[in-house]
Amino acid sequence: MSQGQPRRPQQLAGQGENQEPIKYGDVFNVSGELANKPIAPQDAAMMQTAETQVLGQTQKGGTAAVMQSAATRNEQVGVVGHNNITDIAGEQGVSVAETDVAGRRIITEAVAGQVVGQYVQATPVMTSQVGAVQQNAITIGEALEATAKTAGDKPVDQSDAAAVQAAEVRATGSNVIIPGGLAATAQSAAAHNATLDRDEEKIKLNQVLTGATAKLPADKAVTRQDAEGVVSAELRNNPNVATHPGGVAASMAAAARLNENVNA
């Protein structure tokens, strides 16, 4: 299993006599209210339960383990109690979701709607060597297909369209927008949605990105440079200057990290 590595709580603790709590923003790439909240024991317990229900067990070094380590330290220094739960986590919950894409199982973990962990497991391919697993780098098309599942219900807006266009340009190596292609379809969807008020009437990401690999005339493995270009495009076109959890930019960034881990 590969994963983007959060900052470990022990790297933050033990610096002098610092009694500051370990907050979500210290160990996960989150923003807003959640980033400033201390990780509480019952938050970690919820994530452990979710991992066990979906994955069969908690993951060694995974999100639940990191949260438990941080919560234990916070309890030891007296900033949270054993039965405490962070209000935003209690209200909005935690989630662990599995998405099967092109022979891989992508696991996305979230707290209060913000992605705190994304992992990939290769689906085993039996060979003459028992237990051998064949795993290739994740392509741009596959990352876009993952978005169709992790954020498929999101109405397409201009930031999504810009991110899809940047991804298509990276995949094809051409700045020419392909008529009827992914970028053109996303741009059309964003323009259409801008005229509507009700989200249920708007075109969603899964309607644009499902089967993305087949819709691209060319494809390539996602690199860090590809991901940075897509993240930049999504940020520039979002009034809040933020990327959407599980969206195009987030999926590309996760794919790039996972590819680096595979090739390490």
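Positions of Cβ are set from backbone N, Cα and C atoms, glycine also.
Those TrEMBL annotations? Automatic predictions, nothing curated.
According to TrEMBL, the protein carries these features:
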| type | residues | note |
| --- | --- | --- |
| REGION | 1-22 | region 'Disordered' |
| DOMAIN | 22-76 | domain 'SMP' |
| DOMAIN | 138-194 | domain 'SMP' |
| DOMAIN | 203-261 | domain 'SMP' |
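Broken down with DSSP, the domain 'SMP' (203-261) shows 36 helix, 2 strand, 21 coil. Taken residue by residue, the domain 'SMP' (138-194) breaks down under DSSP into 38 helix, 2 strand, 17 coil. Across all of the domain 'SMP' (138-194), the predicted model scores a mean pLDDT of 92.
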